Amino acid sequence: MTIEQKLADAKHLCDQRGARLTPARELVFKLLANSDGSIGAYDLLQELQKVDPKAKPPTIYRALEFLMEQGFVHKVESENAFVMCNHFHDHHPAQLLICDTCGDIQEIDSTKIEAKIDEVAAEYEFSVIHPTIELHGCCKKCSKED
Ligand SMILES: [Zn+2]
Ligand SMILES: [Zn+2]
């Protein structure tokens, strides 16, 4: 999917939900859509300031919060950074395969993992609020280059 298609999808969903994709939010969206790996809030701010020199950290954090609420972006907790979601369903737990060599992040959507988490949590009578899975390792491309 091209960035334009993703953006069109996002705009359509925002319209349906009565949410507003402001210019700052749209720009942060594009920056994330352009990246294979994750981007930190500080790098996003620097990029945003090229277009809007008045942009401040709260601008970025509000934009990221909005994009996460809409389910367009996931936070990569282990890198304290953000990545574009590859399917804009409503809230779903992020399952990420993170390559430590090239920084590429693939999102997987495994209902098997989800079901297993529910099963194990139930066993421990634990309520999961934030079922993010981040698997660090080496992607297919990088392991072939070795
Ligand atoms: Zn996702
Ligand atoms: Zn890799």
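Positions of Cβ are set from backbone N, Cα and C atoms, glycine also.
The Zn(2+) binding site annotation in TrEMBL covers CYS99, CYS102, CYS139, CYS142. Residues or ranges marked as Fe cation binding site in TrEMBL: GLU114.
CYS99 (Zn(2+) binding site) sits 22 Å from GLU114 (Fe cation binding site), counting Cα to Cα.
Apart from the site residues CYS99, CYS102, CYS139, CYS142, the chain places the Cβ of ASP100, THR101, GLY103, ASP104, CYS138, LYS140, LYS141, SER143 no farther than 8 Å from the centroid of the site's Cβ atoms, the recorded Zn(2+) location. Within 10 Å of the C-beta atom of GLU114 (Fe cation binding site) sit 16 other C-beta atoms, taking all shown protein chains into account. Proximity note: of the listed binding-site residues (CYS102, CYS139, CYS142), none has a CA within 10 Å of the CA of GLU114 (Fe cation binding site). The Cβ of CYS142 (Zn(2+) binding site) lies under 8 Å from the Cβ of CYS99, THR101, CYS102, each of these being in the same chain and 6 or more residues away along the sequence.
The Cβ of CYS139 (Zn(2+) binding site) lies under 8 Å from the Cβ of LEU97, CYS99, THR101, CYS102, ASP104, GLN106, each on the same chain and at least six residues away in sequence. Within the set of binding-site residues (CYS99, CYS102), the lowest number of other Cβ atoms found within 10 Å of a Cβ is recorded at CYS102.
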